[in-house]
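Structure, as structure tokens:
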Amino acid sequence: MQSIWMTARELAGLPGMPASERRTRDRLQQLAVPSRQRQGRTGGGGLEYDSAALPAQTQAALAAQRIGQAGQRAVQAITPAAPLALPEPQGDEALPAAAAATPGLLRQPPSEGEQRCADARMQLLRMVDSAACLCGAKKAYAQVAAQATLAQPGDALHGIVSAANQRRSTLSARTLEGWARLRREGGWQALLPAPAQAQPLAAVGEDVAMVLGLYFSRDPQWRNLSNAVRAVKRKLGLPADDGRALYGRCRRAIAKTDNVQAIKARHSGAARAALLPFKRRDTSVLGPNDVWLMDGHTYKAKVRHPDHGQPFAPELTIAIDAATRRIQGWSVNLSENVIAVGDALRHAIGQCGVPAVLYSDNGAGETAKQIDCPVDGFCARLGIEHRTGIPGHPQGHGLIERSWRTHAINSARQWGSYQGADADPGEYRRAASRIAKEQRAIAAAREGGNVLRLDTRLLPSWAQFVAGIEAMVADYNANHRHRSLPKRADGKHMTPDEAWAAMVQPGDLHMLSELELRAMFRPSVLRTAQRGEVKFFNQVYFAPELMRRDVDRQQVSVRYDIHDPSVVEVYTLSGEFVCQARFGGNRIDYMAKPVIEMAREKRVRATVKRREQQIDAALRELNPTLAQQPTASLPAPSPVAGMPLMQVPARRAGVVIDVQATPAPQANAQQADARPFFASPSERYEWLMAHREQWTDTDGRWLDDYTSGEDYAALADYYASRGLGWEGGGNGFKGAQAAGGAAA
């Protein structure tokens with residue numbers, strides 16, 4: 001590149017350079033770009049830098065800038081800088097009448113009425129030429145004018161004069177002389193009538209101006225002219241009967257306003273762009289996979305949610321090739337997000353290869369970092385140039401926006417839950433009522449365990465919806481004859497599949513393997529590796545390889561699988577694979593596992609025993625044993641022959657009370673003396689203390705163990721309050737039994 005010395009201000013904002021002048025100077029100093037004092041300036045002027053030492057991308061931008069400037073100079077040298085215009089008159093010099101009437105290149109083509117007028121004038125001038133050969137030009141003008149005046153409405157001459165004058169059937173000799181002069185100067189074109197000038201809006205009254213000011217605004221309450229008129233009348237205090245006259249004057253004033261200015265005043269954004277002139281983009285110069293358009297669309301029918309079955313409208317995302325109008329890939333999801341967009345892009349690239357340009361809108365899914373990050377996004381890794389449209393101007397995506405009516409909206413019409421703009425309101429309400437009724441029936445069937453037959457024609461399942469979209473894409477690509485595609489030999493337009501087969505060359509597609517697809521379309525984030533760890537989504541992943549000198553404490557690309565969060569892949573910013581990091585790879589138990597388990601089991605056993613003891617104490621209060629029941633005076637039974645009276649020792653406040661029981665049959669007596677089943681240790685202890693005479697050696701050993709344990713200690717106060725405290729002391733079982741016998 002030829003050396004050109006430029007200032008920091010001229011270099012600021014170019015590719016490879018910062019946007020501000022000060023940072024550009026700092027950048028140039030870091031790059032050690034040669035500099036010198038600015039030439040042609042005295043008393044300072046700053047530094048200028050050698051452009052040959054700039055980065056390659058900055059030099060390329062400067063070269064493109066110079067080429068563009070040279071092209072503009074060449075065009076200006078060939079094309080006049082100013083449009084062709086007639087010279088302005090100087091002083092008393094007046095323009096010739098022919099020059100004023102001649103339209104030239106700047107005039108619009110004449111209308112049929114203007115052509116008839118010029119033809120009529122030419123016929124009259126030919127009559128003058130014929131008469132001038134006999135009597136001279138002056139008399140010829142007068143003679144033809146007299147004939148025109150005397151012509152009757154039914155005569156041919158009367159019609160010619162009316163067409164030539166455009167106003168009346170009378171004609172003067174002077175008018176004919178003027179037309180003859182115009183013909184000599186400009187021919188037939190000069191005889192055309194002067195174009196009608198647009199009538200400017202005359203000055204209007206204050207009330208009309210106020211109404212127009214409200215009407216030509218974007219405030220929704222003044223979109224109606226009647227509302228604006230009523231508001232102005234109230235503000236000015238005008239009588240209500242004057243409204244019709246004011247309305248008429250406003251309508252006449254609106255008819256004289258410029259249409260383009262009115263549209264710009266009343267509309268903005270996409271609504272204004274839809275009414276103003278536009279440019280059509282030509283796709284005939286594109287080849288397959290040159291430009292893909294991607295967009296999301298809310299399906300115009302309700303579908304059963306795959307998780308809970310409630311009706312909802314899913315999101316459909318497609319990628320269309322601009323040259324062949326073919327749907328290259330698609331994806332369905334619960335909503336438009338980066339996962340849906342990435343999956344549609346993965347599906348399209350897996351089938352048709354990598355595109356050169358991806359053109360989408362500015363939606364959150366299309367501009368997310370996982371797709372649009374200049375370092376680690378899908379497009380950067382695949383070498384795709386991602387272009388986005390102007391926000392609020394969907395006309396730039398008209399190719400894909402119009403296609404929804406051809407495939408997706410027609411696909412939604414097959415379901416009873418269709419909710420498109422052209423859906424019948426009454427039918428839509430009936431369908432919504434049926435859906436609500438079905439949802440209530442499903443809830444009732446779920447509670448009762450019943451089987452319910454669902455109407456899939458009204459509300460399709462998720463599987464039916466996906467199958468319908470797949471069939472829709474196949475039918476569109478194979479059968480839809482697009483009028484923007486070339487025609488076949490039989491005169492019919494090609495389908496997208498036919499156009500793709502005719503245009504694509506096998507070696508032109510940049511296909512990816514299945515392994516490359518999985519690696520490329522893993523979402524990624526930039527994180528800093530530190531001490532063998534990377535953190536994102538509040539999770540920690542570890543690998544020893546992250547301690548490499550070129551990785552530790554440096555930014556790395558962490559690529560993850562949304563379906564498997566147990567492992568992530570780590571790459572350097574240059575794309576070099578570093579390692580696979582595992583979730584919690586450096587996590588160990590805080591203490592040895594057996595120690596923790598033993599302590600946990602001991603804690604659980606103690607908790608269970610405490611709860612059992614509390615339950616036993618509560619139950620004892622409701623069902624006290626015989627030893628704790630209050631004594632009662634019973635009548636002495638009459639003795640039965642052969643059966644002695646039963647004497648039961650009962651201890652209460654250190655006093656032994658003899659209770660004589662009524663004799664019962666032998667079977668009942670044996671059943672009462674039988675040892676019951678004990679549901680808990682405390683119940684066995686209470687029974688043994690109340691039946692000391694039935695103790696065995698096994699009971700003695702059990703009592704020694706029980707009374708020395710934690711269970712008895714927890715209930716010792718309870719037993720002592722009821723006279724059941726253990727009195728064995730150091731003598732053990734025999735001492736307690738002897739004490740019980742002495743007490744008896």
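Here the Cβ of each residue, glycine as well, is placed from N, Cα and C on the backbone.
Bear in mind that TrEMBL entries carry predicted annotations, made automatically and left uncurated.
Remember, predicted model here, so these are calculated numbers, not experimental data.
Per TrEMBL, the features are:
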{"type": "DOMAIN", "residues": "2-70", "note": "domain 'HTH Mu-type'"}
{"type": "REGION", "residues": "15-50", "note": "region 'Disordered'"}
{"type": "DOMAIN", "residues": "284-406", "note": "domain 'Integrase catalytic'"}
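Within the chain, the region 'Disordered' (15-50) has long-range Cβ neighbours (under 8 A, six or more residues past its boundaries) at 3-9, 56-58, 60-61. Shown for the domain 'Integrase catalytic' (284-406): DSSP residue counts in helix, strand and coil, namely 37 helix, 35 strand, 51 coil. Across the range of the region 'Disordered' (15-50), the DSSP-based residue counts are 10 helix, 7 strand, 19 coil.
As a whole-number mean, the pLDDT of the domain 'Integrase catalytic' (284-406) in this prediction is 85.
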